[in-house]
Every structure is written in C-alpha cells, then in structure tokens.
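According to TrEMBL, the protein carries these features:
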- 1-364: domain 'Nucleolar protein 10-like N-terminal' (DOMAIN)
- 369-417: domain 'Nucleolar protein 10-like second' (DOMAIN)
- 482-508: domain 'NUC153' (DOMAIN)
- 528-538: compositional bias 'Acidic residues' (COMPBIAS)
- 528-557: region 'Disordered' (REGION)
- 631-643: compositional bias 'Polar residues' (COMPBIAS)
- 631-688: region 'Disordered' (REGION)
- 648-663: compositional bias 'Basic and acidic residues' (COMPBIAS)
- 664-688: compositional bias 'Basic residues' (COMPBIAS)
Amino acid sequence: MQVSSLNEVKIYSLSAGRSLPEWLSDRKKRALQKKDVDIRRRIELIQDFEMPTVSTKIKVSRDGQYIMAVGTYKPRVRCFDTYQLSQKFERCLDSEVVTFEILSDDYSKIVFLQCGRFVEFHSQHGHYYRTRIPKFGRDFSYHYPSCDLYFVGASSEVYRLNLEQGRFLNSLQTDASESNVCDINPVHFLFAMGTAEGKVECWDPRTRNRVGLLDCALSSVTADTEIEGLPSISALKFDGALNMAVGTSTGQVLLYDLRSSNPLIVKDHHYGLPIKSIQFQHQLDLIISADSRIIKMWNKDTGKIFTSMEPEHDINDVCLYPNSGMLMTANEAPKMNIYYIPVLGPAPKWCSFLDNLTEELEENPESTVYDDYKFVTRKDLENLGLAHLIGSSLLRAYMHGFFMDIRLYHKAKMMANPFAYEEYRREKIRQKIEETRAQRVQLKKLPKVNKELALKLIEEEGEEQQITRKRKQKNLPSLLKDDRFKVMFENPDFQVDEQSEEFRLLNPLVSKISEKRKRKLKILEELEAQGQEEEEEPEGKASDAESSESSDDEKGWVEEVRKQRKLLRQEEKLKRQERFKEDQQTLLKPQFFEIKEGEEFRSFKDSVKKQKLMKKTLEDRLKLEEKLGTLNVSDTTVGSKQATFKLKKSEQQRKQQEAEKRHRQERKTVRRSASHLKSRRGRGQLFH
C-alpha cells in the first residue's frame, strides 16, 4: 500500500504495491513473494482488477455490489462482485465501447454505445439485442419516467429510442453542429447536452422544446486563464435540482445555478487538457474533476483545493463509490487504480477492514522501483573489478549501465575497499564536528580548497561593500556563502591547477582585468570624496584616460601571454628530450608472432600481396584469376555468363595429398619387388 499526503489529506493507493522488474520470470516472482515480506503484504482488494491493455470506462451498480468496467484489447466488459472480491464474468464485444449505462440495480440490464454506431443491449444471461443509430454516437442518457434513451453525437439531432415500445421516436433538432456529452437531472428530469461550440442546451422531455441556452465558452474565459481555440464541452454533471457542473476541452470547470446564466465559480486545471469526469461529494461539499493527468478535489463554494492525485498513467474515467471514501479510475494501463481517502468517508461494507488497517499505518516515503537491484555503470564495474561479468546472467543491461543484485554489489564493494565504512564514519564525525564549530564565534578562515581564489573573492567583496555602504545600496550575495558554489571550495576535484596550460595562458588576462577594476574603483572613490557629480564631460575625459590605459594594459598582457607560450614550448621540448633519452636507454626485445595451425610462413611479401589483392575490385580479381588459370568465364547460349573455377587447396590439404602420393608410390615399388621375386623363384624351380 502506497500512502501520499497533500494538504494533510492522506490518500491510500490500494492498487499500488512494490514493483518488480518486468524481465523477471513468473517462477522468480513467485519465489520473491514467498521470501519477501513487503511483496507478500501487498493488498489486492479485488482479484484480477485489471484489463488486458487499457480500461476506458468504470461504473458501480446502484446496489453497490457490482463494479463494471470496459476496455480493450479485445473489446470486452468485466463485472466484479464486491461480495466475493473477484471477477463474476467477462464478455467480449464486436467493437470498442464509447460509453455504457447500467439500467437496473444490478448487472441484469446494461446498454453499450459502441464505435460503429451500434447500440447493444445485454441482459443477465448475455447479449440480448443490437441496433444501430444514424450517426456516430458520443454519449447517451436514460430517461426513467418515459423509458427513453437520448443519444448525442456527430449530428445536430438528438436521437430517441423508446425501450417500452421498442422503436425510435422523433428526434430533437438542435442548433449545434455536433454534441459531445449529455445528462438528465435526477430530480426534475431536465435534459442537458454540451455542444462542440461551447454551449449547453437544456430541453424539457415532456414538451420536447428547448427551455434554456448557456454560453459556457464565453464564461470560461477569465483574466487568469489563457485559452487557445474555442472551448467545447467535454463533461457535464447535475447535482440536485439546481446545480450543474460543466467541463470544457481547455481544462476549465464551471459551476452553474440553473436560475442564472453566469457561473458561480470557474476552476482552471492549468493543464490545457479536456475534462474527462466530474463527480460531486456531498459530505464535504466537494467537486471531483479529472483530466487525463490529474484528479482535483475542491470546494464548490470557495474553489479552494482540498487535495489532488496524479496517477502514473493517463486517466480515462473516474468513479466515486457511493457513500464512501473509495475512488476508482480507468487508466491507459492494464491495472485499474483504487484509492481510499478516509477523510471523504468510511470504507465500503465489503472491505470494512480498510478502516482498521489505515489507522495503524504511518506515512512512509515512496519505495524505489528496484529495491533488490543496484544500477551500476561500466565505470563502476571497472572500479569494483567486475568488468568480466559483462555479458553474463549476473548483469542485466539497461540504458547506459547494468542492473545487478544488491548483495553481490555489497560483497564486491567490501572486497574492493574493505575500509570504506571506516572512512565513511570518519567523514561523518568530521562533518559533525565542523557543524558544532560553525555555531561558535568564528574567525575569517580560508577554505582548504582554492585558497587563493577565496582570498581574491574576499578582497573584492570587501572593496565592493565599502562602495555600497557609501552609496547606501544593498550588498550582493557572497559566492563563498552561496550553496551552489560551496562544493568548489570543499571538493579537491575542483582545485585550480595553476601549472596547467589553460591557467597559465588565461592568468595574465585575468590579473590585468582585476588590476584595471581596482584602479577604476580607486578613481570612483576619489571622485566621490571630492563631491564631484557624474557629468558627460568628465566622463569623456576619464574615458580617454581609460582608453590609453587599456591600450597599455593590452600590450602588457599580450607580452605576458607570449612569455608563457615560450615557457610552455621550452617545457615540451625538455619533456621530449627526456622521453628520447629513456627510449634510447631501454632495450628493444624481439617480438614473436604465433602462426595459425595448418599454415606455413614463407615471407612477409605474401601478406603484402594478400592485402593488395583484397583492396582490388571484384573485376580486377576475376581478371587475375583468369590469367592464373584458376577461373574460366564463358558465355552460354541463353546469353548469361558461366564461370568455372578451381578451389585453392590449403597447406594442410596439400601436405596430406603429397603424403598419400608418396604412400601410393611406395606401395607400387613394394608390389613390383614382390612380383619380381616370385618370378625368379618360379624360374629356379623349373631349372631344377
């Protein structure tokens, strides 16, 4: 459970828990749930309270037992039973749902307005009937006394479908080109619709005549708001018999009394995003308005912010559970968020244990996403001596570094620097001692790092303070006391290297500028002491004198820069001579190169020939092969080219063939000698 607080209002996010890396397998996640107490203590209020990809709308039945949500992908509706704290059923649809309405007290009668101009009716068992309206619909409302459905959308007409007779009735003709939202007052059943032109038209369903028109676009423009384009109506909600809240596409919420054409209050979200949902909270007289980024709760009488919530993902819809402090949102993410705000009201009866649980919880900081893993860069791995683990399963590549197990990181850090804790402890003790010393009466002390720069700044500040006292001006803040530059006088890494080439070349110019500034300050002091006023003529004379002095200064620092350059050249020359002497003293050892197996070293010329051959084009190489006789290119009867070539034998194959040839020759000689001996023996027997 995640706890946040704004304006001393605690908000408990029941769907937020300790996050796990996405690349962990299900088996590892289950193992972590068994081992880790924090993961095991996550609150899953309703099991599988999510959609495959995105949830678009969410509503609660009038009896409070069922929560229904629609989303994608594939388009579907899911019903959750709060008494069982689990999903009751799921139904897939043919097209995406724009909005839906629960007509009965439970889930037995539902109407869906879909993208393809379809209106689909569902009963308790499932799909019941499907019809179509003439134009694309954007919203609809149900008129209970007459059983009429009022559809508004991309048309100037409001279509009426009577559910008792089962047929379409005469539509209402409006002055708007398109309508975005509509609502029916629950007390006197006044029908109101918000148009794309930023107007709200009110109709009486009994007489089917327009009884009022509000220009909300003009009223939403105030001195504090900046609006780009014409505001259209994006949300509409009645409260009681007389109040009505209107949300615009530019991020304003207007609260009206139906007896007046001027809004009682105009609340700006300051994000410039369309208002998605408006809800009324009667116990504390709050209005809950939401755009895609933030949910704001504010007092409907004063407009003062009560609290606000910014979920991680964009908001599509907000639903307030009746007579409780529970709030649910449909988001641009699979998981639907559940928030519990005890100040708004008690927990619902099906999760009354939340009241006892939240009383015991204390406000904790937000947890890190990867608590069991440490993010390290390649440089960190080299410092720890773990660079050889790159590519192994112990490191997981992510952005410009790697994730590694926090236990392995601590072990490696202890081995790399076993006295790190002692050094850290000494540093903390030193800081504590310095903090206690800072409370005592201090003398002007120079910092340990960049002492000369600090002394220079102190001297300049002292001179400037004297001038500002005489002129009765405010003192400028000191660089030494500024927290932004504090590290420059504490961290040794920021120490100015006066022997570096850049410093030695820039120092003459800086010193001349500081001297010039000091002279100018002295001149100003003398003028003030004499009581002379700053006029144009003396200024002209001083400027002439300054121009002559500046030309002399320029000559001086140019000569100084030249001297420094000469010195730098001489130093480089001496360094080169020292390196040359060291090279002469060192004995060069012969280097040996290993020849690959199966190859024979002939000369360095062969490698040079190979490199030259590889640089040639394919055409040149083919011509060379033709000359050597290893390649033959000829034309065929069809008109294409035919190439025959001989494969070059490797050195190992050549040696093997020579050995086989020698072996065959030896066998032949053996056979010949054997046959010769046999013939001689045969002749001897005949003579005998």
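Quick reminder: no glycine exception, Cβ is built from N, Cα and C everywhere.
Residues 447-450, 452-454, 557, 560-561, 564-565, 567-568 of the same chain lie 6 or more positions beyond the ends of the domain 'NUC153' (482-508) yet place their CB under 8 Å from a CB of it. In terms of DSSP helix, strand and coil, the domain 'NUC153' (482-508) has 17 helix, 0 strand, 10 coil. Regional average pLDDT for the domain 'Nucleolar protein 10-like N-terminal' (1-364) in the model is 88.
In the domain 'Nucleolar protein 10-like second' (369-417), helix, strand and coil residues by DSSP number 21 helix, 14 strand, 14 coil.
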